[in-house]
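J.: Before I ask anything, here is the structure I am working with.
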Amino acid sequence: MEIVIKKDYDEVSELAAKYMLDVIRNKENAVLGLPTGGTPIRMYNIVVEEYKRKKILFNNIKTFNLDEYIGLSKLNKQSYYYFMNKHLFSYTDIKEENIHTPNGMTKDVLNECINYENKIKAVGSMDILFLGIGQNGHIGFNEPADFFEPYTHKVILKEKTVKSNSRFFEKIEDVPVTAITMGVKTILSAKKIVMLAIGETKADAISKMVNGKITPQLPASILQLHNDVTVIVDENASKYL
Ligand code: F6R
């Protein structure tokens, strides 16, 4: 794992955006794996600024988001599809058919998980996948558990995750408690992984991910098995490294 410590959120986001822009510039039909959450917002802003300067195109880019809440439609402001449109897609010329998020409104979750996994396989693999990390070491919505779930699957979110995500909702009761997420094998199938982490609340998880044993109790630790991971953290998140 390559660890890059930057001064603050802006510097972390600049470097992360550079990774995304380089991939897009070098491969016009690149496949991107994307996260939501607070951390990647500035990275998306920078990429949009670059798009507006006409320095890049999205018209052949394909994207796969890591996860989506079950029960929220694309029009719901808290859905991850909506988030992606708000922060990235709506500014670009990306084609709607090239945007992929798990369908949180499906009547058949198992089938949706299989379909999503197959769609990723059908494009070969993600050229680059960006990740955030939960305070409990989750990646995507792969929560601490007794075993690793390899493929796209349904999860019941941990109380801590629901609480943390409630900052984006009016009240905590509105936060869905189930979601669909890529599994760890899906994540590891990306050619390159870039993880971003900001703030002291992530410092413990970051240190365990980098220096601890590989365990499903800290899902991000599985990234130690991938041969091309760059972890970009600010000084606060690097506190225990
Ligand atoms: C979201 C996702 C999550 C977040 C993580 C960190 O698509 O996959 O794993 O990356 O919860 O969230 P923030 O960035 O809000 O701290």
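Any Cβ shown, glycine's included, is placed from N, Cα and C.
Marked as active site, proton acceptor by TrEMBL: Asp67, His138. Summarising the annotation, TrEMBL assigns active site, for ring-opening step to Asn136, Glu143. What TrEMBL lists as domain 'Glucosamine/galactosamine-6-phosphate isomerase' is 11-229.
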J.: Under 6 Å from ligand 1 by C-beta, which of these active-site residues make it: Asp67, Asn136, Glu143? Sequence order, please.
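T.: Passing the 6 Å Cβ check against ligand 1: Asp67.
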J.: What is the separation, in Å, between the Cα atoms of Asn136 (active site, for ring-opening step) and Glu143 (active site, for ring-opening step)?
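T.: On Cα coordinates alone, these residues lie 8 Å apart.
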J.: Counting only residues 6+ apart in the same chain, whose Cβ is under 8 Å from the Cβ of Asp67 (active site, proton acceptor)?
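T.: When sequence neighbours closer than 6 are ignored, Asp67 (active site, proton acceptor) has Thr36, Tyr80, Pro102, Gly140, Phe141, Ala179, Ile180, Thr181, Met182 within Cβ distance under 8 Å.
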J.: In which DSSP state, out of helix, strand and coil, do we find Asn136 (active site, for ring-opening step)?
T.: coil
